[in-house]
Amino acid sequence: FLGAGKPPMYGDYEAQRHWQEVTYNLPIRQWYFNTSDNNLLYWGLDYPPLTAYHSFVCAYIAKLINPDWIALHTSRGYESQPHKLFMRTTVFVADLLVYIPAVILYCFSLKETSTKKKASICALCILLYPGLILIDHGHFQYPLSLGFALWGVLYLSYDWDLWGSVAFCLALNYKQMELYHSLPFFCYLLGKCFKKGLRGKGLALLTKIAGTVVVSFAVCWLPFCTDMEQIMQVLRRLFPIDRGLFEACMFSSPHPADKVANIWCSLSVLIKIKNIVSPQTQLKLSFAVTFLSLLPTCIKLTVQPSLRGFKFALVSCALSFFLFSFQVHEKSILLVSVPVCLILNEIPFMATWFLLVSTFSMLPLLLKDGLLLAYAVTTLAFLSACVASFSILEKTSAEDLQLKPFSLSLKGYVSWFKSFPKIVRSLFLLSVTLMGVLSVMSAAVHPPQRLPDLFPVSVSLISCLHFVLFLVYFNVVILWDSKNSRSQKKIS
């Protein structure tokens, strides 16, 4: 794991272990506060209450096995093979209980996967997505927030709106980054209420959903509701806006892994935004651009709510957040990738392409973690599975890419749509080749002394360019989607 055996912080593995130490040994009122027993500068809790409760459960089991693993103060930096096995097992169990069942049930619920064989193939490809495997099991993260969000999508696909609301509230209360998905959930459910009529069934549904959300949050936050200071302290830990726009993506950082493939970090190569714009202005600028970039999608989803539109909106809105929002971490691309997995069966070519780029965008972090071999093997396995299962290189027509309505609107103006499949295939092969070459060079070639961050910066810039083009593509698909009108009848 990254940081193993390297004091004083030891890495993300130690962060998860330390949270177990804190939650087990300290009273709840001290979990988010800086005290003599809880130094917030040393991996202080900065995720919502559900993460803390999960850490407590893991700590309770750890205590039964070996109390030294979570002993207050003395367990800092603890590393042993039995403990690593235990920590890896906790991630695997989280996969088995939450994430994997959601993926399998989702694939079997799709109308497009009419046979068990097709559903199994779709599930296999999603579960082989290398980005999530490498981050969860290599970089050490838990998949629970993404798993809960998937359960939310699954419940909504069956029109179980209240259960879907509960599942997404759990996701949001596990990791605040699930805000990336919050607007599509909100707009889709609000649109359904509008369609049912706000003077009848729609108002009743809206009231039930609102009540469900309030109760779900109240249950999660109940131990912290003893006084307002507790609540405000948790919120300050969850949203540390004082750190600035570039807290997670400094191109001037000495750590190559800190290069994030979003707009602000890419622009900072040419324009030192940090030096010419105040932190408060950075926050306002980030909010404004993010809001404007996702506004068309949210309006379309509210006015024309459909399950298909909802899934595409999850991708588009999450990508807008990743590209334009505040304090983005390179791992945040997973919040875009998992929704892309949900449409892998609908647009296998573009989805596969995006998922390859998303994994590539984390290459500096993966190299820092010593995951080069795992990166190469899982990426090739995923690409092979998608090529074999979906014949992606044969599905590049405007119709296959869901661009038929857009192409018809440009009929007579754009003649190159006839050669569109060949152009798209050529760009894909060029992109894959470029990613392959840069991956090899990043791992095997020493950069010039004058440009020590040449390869990480190149990876981030190229990935960012891809993501901007993907954002344009997904917005075109959503805004020109003619299938929504047919889907509305089912909702009504």
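Along the chain as shown, residues are numbered 1 onward.
Just so you know, glycine gets a Cβ as well, placed from its N, Cα and C.
Caution: TrEMBL annotation is automatic and unverified by curators.
These figures come from a predicted structure and were not determined experimentally.
These features come from TrEMBL:
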type	residues	note
TRANSMEM	85-108	transmembrane segment
TRANSMEM	120-142	transmembrane segment
TRANSMEM	148-172	transmembrane segment
TRANSMEM	202-224	transmembrane segment
TRANSMEM	309-326	transmembrane segment
TRANSMEM	333-360	transmembrane segment
TRANSMEM	372-393	transmembrane segment
TRANSMEM	427-445	transmembrane segment
TRANSMEM	457-480	transmembrane segment
**Q.** For the transmembrane segment (427-445), distant same-chain residues with Cβ under 8 A (at least six beyond the ends)
**A.** 349, 353, 356-357, 360, 363-364, 367, 372, 375-376, 383, 393, 396, 455-456, 458-459, 462, 466
Q) When you check the transmembrane segment (85-108) against the transmembrane segment (202-224), do you get at least 3 Cβ pairs under 8 Å, counting only pairs 6 or more apart in sequence? A) no
(Q) Under 8 Å between C-beta atoms and at least six residues away from its ends: which parts of the chain pack against the transmembrane segment (333-360)? (A) 103, 106-107, 110, 112-113, 122, 125-126, 129-132, 134-135, 146, 149-150, 153, 177-178, 180-181, 261, 308, 311-312, 314-315, 318-319, 321-322, 375, 378-379, 382-383, 386-387, 389-393, 395-396, 400-402, 424, 428, 431-432, 435, 438-439, 459, 463, 466-467, 470, 473, 477
Q) Any residues 6+ beyond the ends of the transmembrane segment (372-393) with a Cβ under 8 Å from its own? A) 121-122, 124-125, 128-130, 133-134, 138, 344-345, 348-349, 352, 355-356, 359-360, 363, 366, 425, 428, 432, 439, 443
Q) In terms of Cβ proximity under 8 Å, which residues at least six beyond the ends of the transmembrane segment (309-326) contact it? A) 153, 156, 179-181, 183-184, 187-188, 241, 245, 262-264, 282-283, 286-287, 289-290, 293-294, 297-298, 300-301, 332-333, 335-336, 339-340, 342-343, 464, 467-468, 470-471, 474-475, 477-478, 481, 484, 487
